[in-house]
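Novice: Once you've had a glance at the structure underneath, I'll fire off some questions.
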Amino acid sequence: MLIGTLAAMACALPGNFLLLRRQALIGDAISHTVLPGIVVAFLVTGTIAAVPMMLGAAGAALVAVVLIEAIRRLGRVEPGAAMGVVFTAMFAGGVLLLEQTDTASVHLDVEHALYGNLESLIWLDGFSWSALTDPAALATLPPELGRMAAALVVVAAATWLFWRPLKLATFDEAFARTLGLPVTLISLGIVTMAALAAVAAFDAVGSIIVIAMFICPPACARLMTNRLEHQVTWSLGFATLSAVLGYVLAGYGPLWLGNTASVSAAGMIATVSGALLGLAALFGPHRRG
Amino acid sequence: MLIDALTLQLGYNATLVALGAAALGLAAGTVGAFLFLRQRALVSDAISHSTLPGLACAFLLMVAFGGEGRNLAGLMAGSAVSAWLGLWLTAWLTRRTRLSEDAAIGAVLSVFFGLGVVLLTVIQTMSAGRQAGLESFLLGSTAGMLQSDALLIAAGGALTLTATLLLRRPLLMIAFDEGYAAQRGLSVHAFDMALMTLVMAVTVTGLKIVGLILIVALLIIPPVAARFWTDRAERVALLAGVLGGAAGYAGAAISATAPQLPTGPIIVLTAFAFFTLSLIAAPGRGVMASLLRHRRLQHRVHLRQGLLALAHGQPVYEDLTRRMLRARGLLRADGVPTAKGRARAAEEALDEARWQELRRAPQLSELAARDDGLTRIEDILTRDQIAAIDARLGPRGAVA
């Protein structure tokens, strides 16, 4: 649950800027292209260790961004279409690689990549608060937690450090350019942050929740306030709320309905975030542009 | 093996799949072209993802009524309903809130997909209705496709194609000039919805073969590839249909040659190969063509500058220029111009002098704007005009 929350927050943070810059679907593209990167990393190293996976995923995300730009410039293709060409082709390549090799046997299958696997990341020893101070129990913490926390810290720190230039470049690119700010570098930085968050979260929770968290909480927040500072805060709040609520609903909801098994937590989190967006769209104070 | 597959010698089932995929690709490419021209390619992404909950709901319903959950027609109907809902929500979010269209697309696709996954996990816990094949709708699978399934897909493709062809004129008009179309009394909104319905039909039809994630590729890649070859909208649509059909056919055939080659991804990668080929080799808009154009221009500039330098008796230092002059027999290896070189240099110098005079001549000066440093003055002026310029040049025309 904690991982889900951290993942949601890490994705929502850069999502705010992507949303305002009308690049919301970059998150979608990145989360699809991560797949071939992970498969290639597995083929090269032969392990499912975290570091090569992350490197592979980040590499693939970078390749995708470069390819999109190249197709857009060289072929004078409209950005949405260029994105569509690249991410579907790369995703298809990833699926093909997966099927070609026997990676499917080592918990690296397509369904896992899509749905995520929050349920398996249960901290078995963490049933009481005292476990927090017990080093033996802490050692059994799923490593994804640490990684996710680190990713969140990095994204948050970058956002905080570059707050002013980010804000300027987002709202008034021309003005930012006249001030001598490296606008291209900043937008590249935002995409990199998004890729980092996506890769870390992908590892833990799968690609749907990544896309949902990139877009839904910031979109909700956008309907709640006009100020960027408030929007970021709101989006973090919405992200946390959907993660917690989604997880609880996924775990206990079916029990209340008399069913025994739980449902996909990642899917539920995405669903809750959508429901929140629906509410915001219906009742939010700043619905109209 | 591959030849066998391409010529439909690989058995009844493979033939069925290849023909079905070709029909689907043809329809997807054509419909996708209109979507692409309307600059809304990524809407298809939202549509395809939002088919999942409908698919799962249809399955649940069919099982609840005691049927077999895997009836393709039933599943297609369910996904059509939820795709339409997703589409409507996207439109509503874009129109009624200040969220931009891409945000609405992203929100709808991720949320619907999440909901679909939740429903899928519900289904997994049930024992009824042979749920095993349902995941194959994510990425497409043609194993175990029945004749009735293939016929359904082919029929869906054909129907969509026909409807697209019937609607092509209003759709094109809206794609190019929304305001003009509205003035002519066309309901932009209604035709947009019609287009989206067609996209939805293709998506739902294609679920079985390429899967809901990759069907987007068939809607986007062929039109983008086709756009490289022609500037005319009808031809883009036609070519996109052909490319899509070819990708579907070849992809299905290739994937039939080996058991571990999944159909959907192979079809998409075949389409991507067509795209790459178009990007590089297409005349006019392709990378090769523009590189060649650039090189030709570069050569002409170098040649002219080199000749002008020779005319003024200056040595040529620039490497490329020297090589080009030498290759044309205008310059000797030691940097001294040949007789032919001197003649050409004099010609260029005269041309340059005439251009300069032209700029000073009041009655002709507007023509001087056409000087790009490369065009020969004979190409623009008549003989008489050149004679007039030469007369003005008169005493200083010694270069000739």
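Using the three backbone atoms N, Cα and C, a Cβ is placed for every residue, glycine included.
TrEMBL: automatically predicted annotations, no manual curation.
Summarising the annotation, TrEMBL assigns transmembrane segment to B:12-37, B:49-66, B:72-93, B:105-126, B:146-166, B:186-203, B:209-229, B:236-254, B:266-292.
Could you place the listed features in the three-dimensional structure?
Specialist: Remote same-chain residues near the transmembrane segment (B:49-66) are listed as 74-75, 77-83, 85-87, 108-110, 112-113, 115-117, 119-120, 122-123, 126, 128-129, 131, 134, 137-138, 203-204, 207, 212-213 (criterion: CB distance under 8 Å, separation of at least six residues from the stretch ends).
Same-chain neighbours of the transmembrane segment (B:72-93): 43, 46-59, 61-62, 99, 101, 103-105, 107-109, 112, 137, 146, 148-149, 152, 156, 196-197, 200-201, 203-205, 207-208, 212, counting only residues six or more beyond its ends whose CB sits under 8 Å from a CB of the stretch.
Sequence-distant contacts of the transmembrane segment (B:266-292) (same chain, six or more residues past either end, CB-CB distance under 8 Å): 21, 25, 209-210, 214, 217-218, 221-222, 224-229, 231, 243-244, 246-248, 250-252, 254-255.
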Novice: When you scan the chain for residues with a C-beta under 8 Å from the transmembrane segment (B:105-126), skipping those not six or more beyond its ends, what do you find?
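Specialist: Residues packing against the transmembrane segment (B:105-126) from afar: 42-43, 45-46, 48-53, 55-57, 59-60, 63, 82, 86, 89-90, 93, 99, 134-135.
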Novice: Rank B:12-37, B:146-166, B:186-203, B:209-229 by Cβ pairs under 8 Å to the transmembrane segment (B:236-254) and hand me the top one.
Specialist: B:12-37
Novice: So what's near the transmembrane segment (B:209-229) in sequence-distant terms, Cβ-Cβ under 8 Å and 6+ beyond its ends?
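Specialist: The answer is 17, 20-21, 24-25, 28-29, 31-33, 35-37, 41-42, 44-45, 48-49, 51-52, 55, 79, 136-142, 153, 199, 202-203, 235-241, 243-244, 247-248, 252, 263-265, 267-268, 271-272, 274-275, 277-279, 282-286.
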